[in-house]
Amino acid sequence: MQIFVKTLTGKTITLEVEPSDTIENVKAKIQDKEGIPPDQQRLIFAGKQLEDGRTLSDYNIQKESTLHLVLRLRGGIIEPSLRQLAQKYNCDKMICRKCYARLHPRAVNCRKKKCGHTNNLRPKKKVK
């Protein structure tokens, strides 16, 4: 039977499979066509992520069904300079003592009307 695999770029891949094929086999066929390693592939059908050991018939995937291919996210270490920039952006803030608005680091007055644009500010507490 024929099924379709739609990638995030919008490209549609056509695969010839059997209902008894496992998800691993489908991922191997995608690797043959697209060169994406199976360990980086995630297949979605009807809002569910498909598990490697199961078959197409387990998920009731029939002829001309469309699977969605997304790539697995990889975690890692942030470069130190980017980490400092992110920390500066997220942590170096001033907080209004009346309305708790987050303001830029050099703020003198609050930008919110509800506290009367008070100048009663404090630095944001640092996370330990």
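Cβ from N, Cα, C; glycine included.
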(request) Scan Lys48, Lys88 for the residue that Swiss-Prot records as ubiquitin cross-link. (result) Lys48
(message) According to Swiss-Prot, one residue among Lys29, Lys114, Lys124 carries the annotation ubiquitin cross-link; which one is it?
(response) Lys29
(request) Of the residues Ser57, Ser65, give the one that Swiss-Prot describes as phosphoserine. (result) Ser65
(request) Work through the recorded positions one by one (Lys6, Lys27, Lys33, Gly76) and name whichever has its CA nearest to the CA of Lys63 (ubiquitin cross-link). (result) Lys6
(request) Pop the Cα-Cα gap between Arg72 (site 'Interacts with activating enzyme') and Thr66 ((Microbial infection) ADP-ribosylthreonine) into the table, whole Å please. (result) 19
